[in-house]
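What follows is a short report on a single structure.
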Amino acid sequence: MPRPILATIHRPALAHNLARARSAAPDARVWAVVKANAYGHGIEHVFDGLRSADGFALLDLAEARRLRALDWRGPILLLEGCFEARDLELCSRLSLWHVIHCNEQIDMLAAHKTQVPHRVFLKMNSGMNRLGLRPERFRAAWTRLNALPQVDEISLMTHFSDADGPKGIAAQLRAFDAVTHDLPGERSLSNSAGVLRHGDELAARSDWVRPGIVVYGSAPDFPEHSAADWGLQPTMTLSSRIIGVQELAAGDTVGYGSSFTADGPLRIGVVACGYADGYPRHCSTGTPVLVNGVRTRMVGRVSMDMITVDLTPVPDAGMGAEVTLWGRSSGGAVLPIDEVAQTAGTVGYELMCAVAPRVPVMTE
């Protein structure tokens with residue numbers, strides 16, 4: 001039989017979370033962000049759960065082709081725009097909208113010969129200092145784009161660096177408004193944290209919102225808020241089973257480096273999941289795990305193919321017992337991915353994206 005590890009994608013949870021994002025921005029149209037292969041879930045696996053979105057936002061042409069192959073005929077937005085001039089022809093062919101974040105992309109568009117005018121989102125660098133034109137250069141870029149026959153419509157956008165924390169969005173919002181207040185075009189400012197934490201403040205500038213991580217059931221501002229606090233449901237469950245049991249005596253150690261020592265008799269289960277499956281190697285003793293839906297802890301180091309868990313809270317668990325590494329157990333108990341990520345010093349986004357190709361995936 002196959003190794004018992006499995007990633008399960010929950011389509012009803014995707015639909016629920018998308019509706020939750022929409023309820024926080026009821027007057028906006030929603031880009032469901034499916035970059036990075038839908039945050040590791042698989043574009044094909046999430047599509048049915050997210051098909052009520054007004055559009056899909058992603059990074060590259062290969063992902064856009066996959067959406068069109070699923071018979072999606074609505075808007076698709078390339079969040080990083082076009083990388084080469086030849087990409088513009090594919091944008092025309094696939095009816096893609098694309099971001100313009102630098103003058104070089106305007107140069108490419110000006111030189112592009114097309115019968116199909118492009119819809120573009122002109123991006124301002126309002127303070128995050130990744131992509132975008134600085135405020136003092138933004139209006140000149142807009143004027144130049146507006147004069148191009150290759151351009152049909154210009155929308156305006158920016159991206160917040162601290163919508164999830166105490167610094168907030170005020171400074172970036174002032175920078176954006178100062179330059180764009182009298183420019184026409186739709187606006188798109190809100191990411192996941194913007195939608196949930198600043199919905200009222202941004203409502204007048206939210207023709208489009210761009211929820212990403214919230215769609216996949218993770219809190220954008222954890223640990224201040226949990227996914228449950230925001231009414232989100234887990235969309236990915238990583239599960240496995242116990243494939244071995246050991247009875248330890250006081251002083252016995254576990255795993256590489258003997259990093260865990262039993263302080264008394266202890267029964268542990270060996271789980272078919274390791275860092276080669278995408279489980280974070282930096283997780284250590286105390287990382288939460290569910291066994292038969294009961295919360296317990298990992299002990300020792302994460303190995304390539306295995307972890308070990310304390311069976312004290314589940315004395316009846318043995319060979320074949322269900323183990324939930326994150327997500328929802330078969331009985332409905334939930335282990336938030338954010339909690340597991342926190343113990344590894346990372347974020348839920350990374351865990352979702354890091355599930356290894358060798359892990360089978362099913363949808364429900």
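Placement of Cβ uses the backbone N, Cα and C atoms for every residue, glycine included.
What Swiss-Prot records for Lys35 (among others) is active site, proton acceptor. Sequence-distant contacts of Lys35 (active site, proton acceptor), defined as residues of its own chain at least six apart whose C-beta falls under 8 angstroms from its C-beta, comprise Ala57, Leu58, Leu59, Glu63, Leu79, Gly212. Lys35 (active site, proton acceptor) carries a helical DSSP state (H, G or I).
Residues or ranges marked as N6-(pyridoxal phosphate)lysine in Swiss-Prot (evidence: sequence analysis): Lys35.
Under the DSSP three-state reduction, Arg130 (substrate binding site) is assigned to coil, being neither helix nor strand. In sequence order, His159 make up the list of same-chain residues 6 or more apart from Arg130 (substrate binding site) whose Cβ falls under 8 Å from its Cβ. Residues or ranges marked as substrate binding site in Swiss-Prot (evidence: sequence analysis): Arg130, Met304.
With a cut-off of 8 Å between CB atoms and residues at least 6 apart in sequence, the same chain places Gly300, Arg301, Ser303 near Tyr256 (active site, proton acceptor), listed in sequence order. Following the DSSP three-state reduction, the secondary structure of Tyr256 (active site, proton acceptor) is helix. Annotated active site, proton acceptor per Swiss-Prot: Tyr256 (among others), in sequence order.
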